[in-house]
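Report on one structure; see the data block that follows.
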Amino acid sequence: MLGKKRKISKHKELERAKKLEELKKNDPEKGEAIAKKEAWKAAMDRASGIKVHDDPKLIKKSIHKVKKQQEKNAEKWEERVQSRDQLKAEKQKKRSDNIAERINDKKMRKIAKREKKLLRPGFEGRKEGFINSSSG
């Protein structure tokens, strides 16, 4: 059972490609030898169907693309969280309004019931006080 080769990060690939270019500039003879070796290795890998990432320009572009995608996803997530919080607040407000309305209705029913008790059948209006009270 052979273990699968781990994919190296794009940053490391970029670093390696830059290092190779730097080596070519500083020590052309040594750089050429290493570059030739790397080129053969890349050609063999390509022939065997393995993707080779050795172009610094493309690697930079790829890193930038991934970064942009991450920023976009973060933005979407922030928006999602914000809309969720807003919805939560709206539901809470509706709930508290409904509770307040129910309490108010209960009070009004209580007042109406009390008013009804004060009205007497066979008499007009509500009971003000006793007929034979001393204030008359």
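Here, residue 1 is simply the first one shown, and the rest follow in order.
Note: Cβ is positioned from N, Cα and C throughout, glycine not excepted.
What TrEMBL lists as compositional bias 'Basic residues' is 1-10 (among others).
According to TrEMBL, the region 'Disordered' annotation covers 1-30 (among others).
If you look up TrEMBL, you'll see 11-30 (among others) marked as compositional bias 'Basic and acidic residues'. Through the fold, the compositional bias 'Basic and acidic residues' (11-30) approaches residues 38, 53-56, 59-60, 63 of its own chain, all at least 6 residues removed from its boundaries and within a Cβ separation under 8 Å.
According to TrEMBL, the region 'Disordered' annotation covers 63-136 (among others).
Feature annotation from TrEMBL assigns compositional bias 'Basic and acidic residues' to 68-106 (among others).
Taken from TrEMBL, the feature compositional bias 'Basic residues' covers 107-119 (among others).
Per DSSP, the secondary structure of the compositional bias 'Basic and acidic residues' (68-106) breaks down as 39 helix, 0 strand, 0 coil.
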